Structures are given as C-alpha cells and as structure tokens.
Amino acid sequence: MTVTADPVTLMKQEVGKAAAALVKSGSIVGLGTGSTTAYTIQYLGDRLKSGELTDIVGIPTSFQSEVLSKQYGVPLTTLDAVDHIDIAIDGADEVDPQKNLIKGGGAAHTREKVVDYLANQFIVVVDSGKLVDRLGSVFAVPVEVIPMAITPVTNAIKQLGGKPELRMGVKKAGPVITDQGNFVLDVRFDSIDDPVNLEKILNNIPGVLENGIFVNCADIVLVGEVKDGQPLVRQL
C-alpha cells in the first residue's frame, strides 16, 4: 500500500527543495533550524550524492541542523574556519511585509542570527500561515537570558510593557535550555510598532543574550501554500 504525504508536508518539501536549488557549487552555506529547513538539508544531501552539487560546506545553527547534516551527508565547518558565508537558509515564525522576522520557536535564534546576518544572501523558507501584517500578531518574541538574570530581565521586560513567560520543556521537566545553556522568555507585546527599535532595547537589557526579532536581513522569502490540494511555492 502506498502512503501519500499530506499536502502540508508536501508543501514544506517543495519549499525546502526550492531553497536547496538556489545553492551553487563551492558555496559556504548557513543551515537553519526547523521542519522546513530540514527538507532543505535533505535535498542538499541529495544534490551532493547525485553529483549535481559539489564542494559545499555547511555551518549549522543548532544541534538539530548539525545532526541532520551528518545524516544526509552535508559536510560541515565552523565560523572559525571561514571568512564569509555565501548563502543562509532558515525558517521563521512570522514574516511581515518588510520581510522582518520573528524567529526562535526552536530556541536556536541566537546562533541563527549570527549566521543569517553574516550571509551574503539570506533565504527564508516559510508556509503562508507565517505571513503577518505586523510582527507579534501571533507569535511571541523569544528572548534568550542567562539563568542568573532571569528575574531582573523579567522585571525589565514588564516595565517595557511586555508579558514574559518562561518557556517550559516538552517531555522534559523544567524550562527549555538552549544550546548555549540559557533560558528563553517568550514575550508578548500588545503591539510591535517599531521592531528595529524593540530589537535594540531588548538586547540592551543586562542578562539578555539575544532576541528573536530579525530586521533588515532577509533577501528572499520563499512561501509555501496549498491550493486546491496542491503544494505551491511563491517568492516575496
């Protein structure tokens, strides 16, 4: 019996494949985190195995992307060994009309921001449900905090009008721990009118390592959607 994937899964696969097709031989590639980016890593591995793509190296943004890269045969390197990144491919939790993003649903936004901003070209892969008129409409802003500062940072964010909530683990007792060994506060704001300024304000709070607002960095947004039961990919 043949099992057919559901349209949403097929759509994510198509978006991942479209992003992987933009990678050229000889590239240094930033490898993001998330379900759609996982398909990108898989298809990069397929292109390498077929010989269509050669001489690329990836820089993973999380343990997840590192494990997947090894699984699919994508060679890896580190920022210590390169002087640039040609292209980065990553997902997002929200995308506004200016291509500003909220990221960090996987608690990997700190490493993702380092890699994505370094890239000469940053490709975002999302489904149409991630498109919003204004950041913060659906998704909270993740803020990575060193553990000893969680209380003062929480209080400082409340003074800014935010509603912070410590992210708790799933299938694990206690809070989520990032790859850097820190906590994550998910912060809701009534309205994010100026994401550029809010990103700076949050990062200026002592004890905050990084937040999930990404501004002025996305070059191309590949959007997957399902129409009449068929997966489609369009570009913003």
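Using N, Cα and C of the backbone, Cβ positions are placed for all residues, glycine too.
Quantities reported herein were computed from a predicted structural model and do not represent experimental measurements.
Features reported for this protein in Swiss-Prot:
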ACT_SITE  GLU112  active site, proton acceptor
BINDING   THR33, GLY34, SER35, THR36, ASP90, GLY91, ALA92, ASP93, LYS103, GLY104, GLY105, GLY106, LYS130  substrate binding site
Cα-to-Cα gap, THR33 (substrate binding site) vs GLU112 (active site, proton acceptor), nearest whole Å: 8
Alpha-carbon spacing, GLU112 (active site, proton acceptor) to ASP90 (substrate binding site), which is rounded to whole Å: 8
Secondary structure at LYS103 (substrate binding site), reduced by DSSP to three states: coil
Cβ-centroid neighbourhood (8 Å) of the substrate site, THR33, GLY34, SER35, THR36, ASP90, GLY91, ALA92, ASP93, LYS103, GLY104, GLY105, GLY106, LYS130 excluded: GLY32, THR37, VAL126
DSSP-derived class (H/G/I helix, E/B strand, else coil) of ASP90 (substrate binding site): strand
Long-range Cβ environment of LYS103 (substrate binding site), under 8 Å and at least 6 residues apart: ASP90, GLY91, ALA92, ASP93, HIS109, GLU112, LYS113, PRO142, GLY212, PHE214
Recorded positions compared (ASP90, GLU112) - highest count of Cβ atoms within 10 Å: ASP90
Local Cβ density at LYS130 (substrate binding site) - other Cβ atoms counted within 10 Å: 21
